Amino acid sequence: MESPSRSSVIIVGAGVSGISAAKVLAENGIEDLVILEATDRIGGRIRKETFTGVSVELGAGWIAGVGGKESNPVWELAAKSGLRTCFSDYSNARYNIYDRSGKIFPSGVAADSYKKAVESAIEKLRIVDANHPFCDATGVHEPPCCPKTPIELAIDFILHDFEMAEVEPISTYLEFGEREFLVADERGYEHLLYKMAQEFLLTSEEGQISDNRLKLSKVVREIQQSKNDGVRVTTEDGCIYEANYVILSASIGVLQSNLISFTPPLPRWKTEAIDNCDVMVYTKIFLKFPYKFWPSGSEKEFFIYAHERRGFYTFWQHMENAYPGSNILVVTLTNGESKRVEAQPDEETMKEAMGVLRDMFGPNIPNATDILVPRWWNNRFQRGSYSNYPIVSNNQLVQDIKAPVGRIFFTGEHTSERFNGYVHGGYLAGIDTSKALLGEMRTEKTEKGRKCENHNFLLEPLLALTGSLTLTQTEAVSNLHKFDISTQLYLSGKLVPVPEPIL
């Protein structure tokens, strides 16, 4: 077990927020920092895995927000690193909607259904935002019609789970642009984090991080803090780390769980804000086939399955644009369907997925030869994919979630007011949190300096009196604590109107 070692800052979590936060601190001279990461790798919810010889992204997979008036900082990092990406055009997906008999809905029908869904969603947002009850001409409004048919349910899923920008202005697209690029690089999305880390952590010639300030497989279970003594962090293996401050980059799902305890407990306003933020679960299931049987081409990259159950293996993507000849399909599930699939064996999931594909492409298509099912919800170090604030929420909720509590500072994509849920949101949040902490550290240093000056000012007239004392008296004074001098002067009979030092 490691004995307590003192650092300026402990950073909990080595995802994009933790790494960007640590980089800013190091650039500003705070080198005695420690990064505690629960897993055996950096990256957090940016994670690649080799699947049948192809590098696939289990978590974040796109750089969203490209081509606008401002440059997306993650896009800049990707360009600097030469990260390979492919443009993704979601807009065609609405015209590739299959019913259960394998027929594609006519484009006119799909377009009309999509238009009605957008209008309904906008109306619902307007009513909720204005806090108006639903009422009709008689004074009692009916809510906007809910999707009922398979195509309505499919479009509702696309609209709210993939293209919410069609309904509500999203800062990412307004500021950085509406284009999205899929990361298709064998080095993985995580390569950007390793490049960042290499700028301030010792790295071997092979690119492996060897700096002992990065501690992997360290599961933080308790954070204790006191006003005067700083923070004390205890990990699952019994190690203890001490610092002046902590930056906590754990996901909103982890904060809602009981993985990390706080002493003293977090205040009620903080826990209520954390609990009021929704967690989105986003699951990409990868299927490998012996050969391609689906339509190809950039306009066919995404296709939709219309089913009576919303979100039941609805959104599909082929990987031919990213990795030609890979013969891989990806189907995306969210929230309830994600949790359901995570709880069942992969064999059952493959059976369900194959049933859907045979509905769309016929009974003679080949069986998948392999499947990969990420489990973000059941991962105790993640507990979901990203934060999802209520569509209509006040600014105070975000402010409370990111506000520090004593010496504990919070960061992560969930603390980004404008870009929550995105990689660039996490990246920028880490930078913002470190800048706030640096400001706090400067303020604390200034206050300590001012207190020291005040003590010296009060002691100067006292120490000046020692010159009139005999040698023996001077020696006696030199052996006293500075706050005992006035008492000694009183006992020696040399009374002077000098105030007591203020503690």
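Even glycines carry a Cβ here, placed using N, Cα and C.
These come from TrEMBL:
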{"type": "DOMAIN", "residues": "16-107", "note": "domain 'Amine oxidase'"}
{"type": "BINDING", "residues": "S17, E37, A38, V220", "note": "FAD binding site"}
{"type": "DOMAIN", "residues": "173-437", "note": "domain 'Amine oxidase'"}
Helix, strand and coil counts within the domain 'Amine oxidase' (16-107) (DSSP): 28 helix, 24 strand, 40 coil
FAD site shell beyond S17, E37, A38, V220, criterion: Cβ within 8 Å of Cβ centroid: I11, V12, G13, A14, G15, G18, I35, L36, T39, G44, K218, S249, A250, F381
Annotated FAD contacts S17, E37, A38, V220, maximal Cα-Cα distance (Å, integer): 17
Spatial neighbours of E37 (FAD binding site) that are distant in sequence (at least 6 apart) but have CB under 8 A: G13, A14, G18, L214, K215, L216, S217, K218
A38 (FAD binding site), number of other Cβ atoms within 10 Å: 23
Cβ packing number for V220 (FAD binding site), 10 Å threshold: 24
Cβ-Cβ distance under 8 Å to S17 (FAD binding site), same chain, at least six residues away: G44, S249, T411, G412, E413, G426, Y427, A429, G430, T433
